[in-house]
2 protein chains.
Amino acid sequence: MTHLNLSTKFNERLFDMDFMNFGHSISLIHHHLEEVEDELTGWLKQPLNITAEEVDEIHNLSDEIKENADVLLVIGIGGSYLGAKAVQEALAPNFTKKENGIEVLFVGHNLSGSYMKRLVESLHNRDFYVNVISKSGTTLETSIAFRVLRHYSIERYGQNAKNRIIVTTDSEKGLLKEIALAQGYRMLDIPSNIGGRYSLLTPVGLLPISVAGINITEILRGACQAVIDLNEEDLEKNEAYRYAVLRYELYSRGYQVELLASFEPCLSYIHEWWKQLFGESEGKEKKGLFPASVNYSTDLHSLGQYVQEGNPLLFETFLSFKHLSEDCHLPFNELDDDQLNYLSHRSFNDINHISEQGTVLAHFEGGVPIIQIELERLDAFHIGYLLYFFMKACAISAYLQDVNPFDQPGVEAYKTKIRDLLNEKTIVS
Amino acid sequence: MTHLNLSTKFNERLFDMDFMNFGHSISLIHHHLEEVEDELTGWLKQPLNITAEEVDEIHNLSDEIKENADVLLVIGIGGSYLGAKAVQEALAPNFTKKENGIEVLFVGHNLSGSYMKRLVESLHNRDFYVNVISKSGTTLETSIAFRVLRHYSIERYGQNAKNRIIVTTDSEKGLLKEIALAQGYRMLDIPSNIGGRYSLLTPVGLLPISVAGINITEILRGACQAVIDLNEEDLEKNEAYRYAVLRYELYSRGYQVELLASFEPCLSYIHEWWKQLFGESEGKEKKGLFPASVNYSTDLHSLGQYVQEGNPLLFETFLSFKHLSEDCHLPFNELDDDQLNYLSHRSFNDINHISEQGTVLAHFEGGVPIIQIELERLDAFHIGYLLYFFMKACAISAYLQDVNPFDQPGVEAYKTKIRDLLNEKTIVS
């Protein structure tokens with residue numbers, strides 16, 4: 001059984017591509033990843049290494065939160081935000097009441113005064129828990145939001161506030177760990193050898209995802225299956241390696257933007273998570289595909305024109321799921337004044353799927369190289385599988401470009417500037 | 001008084017740029033726009049041309065909807081969706097109850113069965129109106145959603161359903177107009193000489209915006225001011241023309257991506273609207289800057305690394321507002337265990353603003369050319385001004401690239417494919 005299928009539609013310029021040219025490089029990278037332990041590669045085996053006790057601890061905390069709160073506030077940014085947000089949107093989206101979970105709100109992922117003010121106002125009649133997440137423990141946005149929400153928690157719950165605050169941080173060090181120890185907040189560990197954007201399958205992602213009512217055992221089961229399937233050294237049998245090689249080859253041939261496209265709106269934060277993963281892993285040393293995304297068919301009426309006929313600097317990667325659990329049928333209308341009766345035995349998902357096929361054909365004929373990633377079913381198992389697939393492919397892809405997939409030296413530049421400006425203005429004022 | 005200020009931070013490669021080289025071209029385009037009437041240029045004077053009667057009609061309808069419904073369903077895609085969504089997010093964002101408006105939900109901007117099913121389920125205990133918007137009257141996504149919601153409206157309201165459906169379509173022709181006439185739905189006109197992505201200041205945008213509780217008179221007043229300010233022929237005195245020339249010059253020098261950046265999360269749909277406007281207007285004949293966007297500081301922890309040190313194919317346009325109406329202060333903490341007391345007399349917006357300055361400096365020093373667009377205040381007047389500014393700049397910019405700003409020939413390609421596939425599969429099945 002295949003859990004994920006990778007296919008392509010390329011024009012003649014790429015027909016001659018020989019995967020086997022990459023066999024040797026891929027094999028070297030494969031063994032390098034297996035062997036390095038000084039790098040941030042803990043995520044590679046994390047789905048296998050996480051213990052039943054750790055999962056139980058998350059389940060117990062999650063049950064406690066769901067019982068005692070109407071909303072969980074997750075304070076985090078970047079890798080401490082996007083993974084949980086992505087899975088929640090994909091599997092427990094808008095409009096209906098969550099059946100097995102409560103509302104999870106994200107905060108500390110921006111510095112907007114208006115956002116924070118309105119968030120706090122929305123809490124006045126609701127009980128809440130706080131889960132603050134930061135690997136380093138000193139991220140500016142996270143620390144500031146945590147100060148406000150600690151303050152508000154004490155206003156609301158007094159001495160009991162500390163029982164409603166969960167700290168997820170580095171297992172070994174950091175300011176947040178010190179605060180938690182001193183205040184008696186409960187802690188969940190982020191393994192030291194797993195970096196932010198690869199940390200989704202640790203408590204960073206798992207606690208918020210579980211509180212949202214999603215089955216994290218299934219997420220982990222899917223990821224474990226991916227660990228096994230995608231550890232195959234033979235490039236032709238490893239979809240993650242093939243994806244890495246394909247995008248590297250397109251990049252080498254002058255394509256500069258990879259556009260991740262889905263036809264299901266609930267996948268839009270999977271795109272955002274993917275953008276961080278690839279952008280931060282590969283965008284260094286003046287290299288890297290620029291990762292962008294579109295939500296079709298919405299964006300067919302926006303960026304569609306550009307993709308079809310604009311500057312040919314991009315290729316498209318379509319992400320789709322064969323089976324979706326919910327659907328809606330087009331009713332029959334005797335009048336047929338909208339001339340849609342020829343579709344009235346069809347469902348939305350059916351029409352949407354045809355719409356995807358038509359778009360792939362049109363863009364392909366317009367000269368856009370196409371990669372298609374298809375999974376069986378939009379459920380927790382396959383989302384776990386997909387996320388691990390992308391992480392593995394990203395590490396390989398960055399190594400092919402000869403950059404380190406696990407650092408982000410450029411992020412320091414703006415942090416230093418901001419720190420200088422804040423200190424300077426503070427001294428003057 | 002300046003309502004919008006445009007400034008730049010460029011490195012030496014661009015220091016020698018002489019705006020006056022463009023004086024003649026700009027003057028030609030300026031007069032061309034003034035004179036053509038056969039093209040879709042009705043939006044140019046629309047803020048001045050809309051009559052008090054038309055605005056009254058929208059206000060009356062809006063009052064009626066707010067009185068009789070808990071939610072307005074807006075069915076539309078592309079230009080019939082993004083403008084209203086963008087203004088609503090910017091001026092009446094999440095979390096708090098709208099004071100002067102009701103909830104406005106968008107639908108028909110995707111083909112997801114799950115989205116439609118959950119939307120309809122969420123209506124069971126709420127009263128609603130429907131506003132279906134399509135210039136052509138035959139857009140697939142819109143027509144399908146309208147069929148489902150007409151059907152549901154009749155289930156819910158019987159004979160009275162027709163009083164709860166408002167049709168916004170071309171003033172002269174189209175299938176939707178015929179349906180509305182036959183069924184007795186009330187109609188609002190989209191002037192024939194205004195295309196989808198330029199239609200925000202017609203009933204397309206104005207009715208949903210008004211129902212969301214936003215003052216459309218102020219939006220129009222801002223746009224009228226922009227019509228006057230930005231009709232100045234002298235390039236150096238016209239910020240819209242300067243923006244068009246700057247981005248064209250950057251494009252000519254090899255930059256391929258324009259990244260629109262804001263530090264206020266409520267502006268994210270302004271970005272989406274801008275992407276359609278520029279992408280669909282310029283992305284043709286294998287030309288055009290690829291329009292992308294980031295929401296900082298969220299995306300500093302995602303695409304920030306790429307912007308700072310990745311492939312140098314992009315320049316950044318920062319959009320910001322000097323004064324915001326809401327803010328939140330960082331409380332003092334005696335313990336100072338998070339080491340933030342040096343900031344405790346500051347507000348979020350203040351720190352956010354410094355964060356923007358630091359980011360501009362860091363990216364500039366990293367070699368990224370920067371354009372900064374700043375407006376006085378985040379309110380209806382300045383949003384009206386900004387949207388007109390972008391439309392005017394976009395038309396000029398497309399003409400500089402020698403493409404037609406008002407057509408979208410590439411959108412037909414996928415529509416044809418989908419139509420063929422739908423017909424084919426229907427015949428077979």
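Cβ coordinates are placed from backbone N, Cα and C, and glycine is handled just like the others.
Copied over from TrEMBL, here are the features:
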ACT_SITE  A:GLU280  active site, proton donor
ACT_SITE  A:LYS415  active site
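According to its DSSP assignment, the residue listed as 'active site, proton donor' is helical. DSSP classifies the residue listed as 'active site' as helix under the three-state reduction.
Here the Cα atom of A:LYS415 (active site) is found 15 Å from that of the residue listed as 'active site, proton donor'. All protein chains considered, the CB of the residue listed as 'active site' has 18 other CB atoms within 10 Å. All protein chains included, A:GLU280 (active site, proton donor) registers 31 other Cβ atoms within 10 Å of its own Cβ.
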